[in-house]
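The Mg(2+) binding site annotation in TrEMBL covers ASN7, GLU385. Sequence annotations record features per position, and here TrEMBL assigns ATP binding site to LYS14, HIS208, ILE209, GLY210, ASN211, GLY212, ASP283, MET284, ARG285, GLY331, VAL332, GLY333, GLU334, ASN335. Here TrEMBL flags ARG91 as substrate binding site. Sequence annotations record features per position, and here TrEMBL assigns active site, proton donor/acceptor to ASP148. If you look up TrEMBL, you'll see HIS180, ARG241 marked as site 'Transition state stabilizer'.
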Amino acid sequence: MKVLVINAGSSSLKYQLYDMREETVMASGRVERIGMDSSILTHEVPGRQEVRDVSEILDHVTAVKRVVDILVDPQHGVLSAINEIQAVGHRVVHGGESFKQSVIVTPEVKLEIRRLFDLAPLHNPAHMMGISAVEANLPNVEQVVVFDTAFHQTMPPTAYLYPIPMVLYRRHKIRRYGFHGTSHHYVSDQAAQLLGKPLSEVKMVSCHIGNGASVTAIKEGQSVDTSMGLTPLEGLMMGTRSGDIDPAIVPFTMNKEELTLSEVNSMLNKHSGLLAISGISSDMREIVQGMDEGDKNAQLAFDMYVYRLRKYIGAYAAAMNGLDVLIFTAGVGENSDRLRASVCEGLTFLGIELDEELNKKRSKEARYISTENSRIKVLVVPTNEELLIARDTYALVQQAKQA
Ligand SMILES: Nc1ncnc2c1ncn2[C@@H]1O[C@H](COP(=O)(O)OP(=O)(O)O)[C@@H](O)[C@H]1O
Ligand SMILES: CC(=O)OP(=O)(O)O
Ligand SMILES: [Mg+2]
């Protein structure tokens with residue numbers, strides 16, 4: 001079976017086409033700047049040269065059409081007809097409390113995703129556009145949605161409730177949901193395999209450090225706490241997001257600076273984090289470069305980022321009364337040995353001992369970066385959310401066929 005995986009954002013759409021027989025990626029790519037003056041489609045087929053196409057793509061329906069067209073293109077494509085795509089799996093960031101696992105898309109499921117627009121205004125409307133765009137272009141294909149929140153539905157109320165009036169939870173479902181669950185789930189499985197131990201025997205802290213960043217405490221293979229909350233703003237300092245701040249800063253700043261709700265939201269989501277402190281960039285590569293050139297603000301941004309991450313790791317070790325494995329994943333976690341070294345430097349009291357050589361080695365494989373004697377094992381595990389989405393999609397569609 002061929003499964004197309006789609007991660008639709010507000011102005012971008014990433015895709016991967018899988019052949020599920022061997023779980024191979026046949027093609028992958030992304031459409032960027034949807035709805036802007038010139039959109040860019042980048043398409044890659046393993047072993048062939050990357051294709052870049054600049055044109056006007058005004059909406060997600062057109063974006064999916066372009067993706068389908070290039071997949072069947074005689075020169076750049078990998079399929080002879082579009083009906084070879086038998087199922088489409090979508091990443092959906094917010095599944096609220098309704099979805100504890102992936103599901104086949106039905107009218108009820110779509111209604112529920114719409115109901116959750118309020119809780120993930122940057123993400124869910126874009127995912128819904130992706131789903132509708134597939135309906136328009138591939139009308140007879142089964143669609144599956146895989147939620148970032150699903151893996152975290154095992155958290156106990158002590159972890160997911162906020163100490164605010166309970167009526168807000170009852171009326172509006174204000175609670176911690178957590179995100180990047182597909183990634184935390186995938187890397188914890190991979191880590192257990194690498195260790196050769198069942199998940200039931202290990203306490204893990206998984207650090208997904210990309211553009212968005214979150215930490216999860218995983219006990220017996222289940223998420224027991226995670227740093228993102230009602231929305232993907234809480235927790236760690238990120239590229240452009242503040243992470244944890246005193247909530248009183250919101251009304252105080254609104255008052256002093258005469259900001260509207262949407263302005264303060266934009267300040268915390270898009271103009272904070274590494275970008276705000278460094279004044280340079282939200283990209284960790286540029287921060288590290290700035291540090292090396294002696295830029296004090298870049299150094300401060302890096303130090304704050306590390307300090308806040310280290311505090312979460314300590315907190316989650318306490319939350320689980322122990323820690324056996326620390327995992328780094330996603331763009332920064334997989335690629336920045338500097339970040340990993342700095343985080344671990346302050347965690348020797350826990351029994352973490354990093355192997356400098358192993359930490360510096362570059363590889364696409366899951367690997368140890370701690371010394372043999374390190375009491376807590378430290379791993380780098382490349383994430384693969386798309387593969388988990390493809391697997392869930394395949395499994396659900398197979399099940400539906402047999403039913
Ligand atoms: N070699 C590197 N060193 C430091 N950071 C890196 C490196 N390569 C990528 N990154 C960081 O990874 C981030 C993207 O991570 P990624 O997980 O792909 O994010 P997302 O999926 O949220 O878009 C970039 O913003 C960049 O800061
Ligand atoms: C939920 C979230 O923050 O996702 P991303 O890291 O893709 O922005
Ligand atoms: Mg990501």
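Placed from the backbone N, Cα and C atoms, the Cβ positions cover glycine too.
Small disclaimer: the values here were computed from a predicted structure and weren't measured.
Overlay of TrEMBL annotations on the structure.
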| residue | record | Cβ within 10 Å |
| --- | --- | --- |
| ASN7 | Mg(2+) binding site | 23 |
| LYS14 | ATP binding site | 19 |
| ARG91 | substrate binding site | 22 |
| ASP148 | active site, proton donor/acceptor | 26 |
| HIS180 | site 'Transition state stabilizer' | 31 |
| ILE209 | ATP binding site | 27 |
| ASN211 | ATP binding site | 15 |
| ARG241 | site 'Transition state stabilizer' | 26 |
| ASP283 | ATP binding site | 16 |
| GLU385 | Mg(2+) binding site | 24 |
Checklist entry - What's the CA-CA gap between ARG91 (substrate binding site) and ASN7 (Mg(2+) binding site) in angstrom, rounded? => result 5
Checklist entry - What recorded positions among ARG241, VAL332, GLU334 have a C-beta sitting less than 6 Å from any atom of ligand 1? => result VAL332
Checklist outcome for this item: What remains of the recorded positions LYS14, ARG91, ILE209, ASN211, ARG241, GLU334 after requiring a CB under 6 angstroms from ligand 2 is ASN211
Checklist entry - Taking the Cα atoms as reference points, how far is ARG241 (site 'Transition state stabilizer') from ASN211 (ATP binding site) in Å? => result 9
Checklist entry - What count of other C-beta atoms do you get within 10 angstroms of the C-beta of ARG285 (ATP binding site), across all chains shown? => result 12
Next on the checklist: If I take the alpha carbons of ASP148 (active site, proton donor/acceptor) and VAL332 (ATP binding site), what is the distance between them in whole Å?
Outcome noted: 19
Next on the checklist: Assuming the binding residues for ATP are exactly those in the record, LYS14, HIS208, ILE209, GLY210, ASN211, GLY212, ASP283, MET284, ARG285, GLY331, VAL332, GLY333, GLU334, ASN335, what is the maximum CA-CA distance in angstrom, rounded?
Outcome noted: 22
Checklist entry - Which of the recorded positions LYS14, HIS180, ASN211 has its Cα closest in space to the Cα of GLU385 (Mg(2+) binding site)? => result HIS180
Checklist entry - Which of the three DSSP-derived classes (helix, strand, coil) applies to ILE209 (ATP binding site)? => result strand
Item to check | Pairwise Cα distance for HIS180 (site 'Transition state stabilizer')/ASN211 (ATP binding site) [Å, integer] | outcome: 11
Item to check | Integer Cα-Cα distance in angstrom, ARG285 (ATP binding site) to ASN7 (Mg(2+) binding site) | outcome: 24
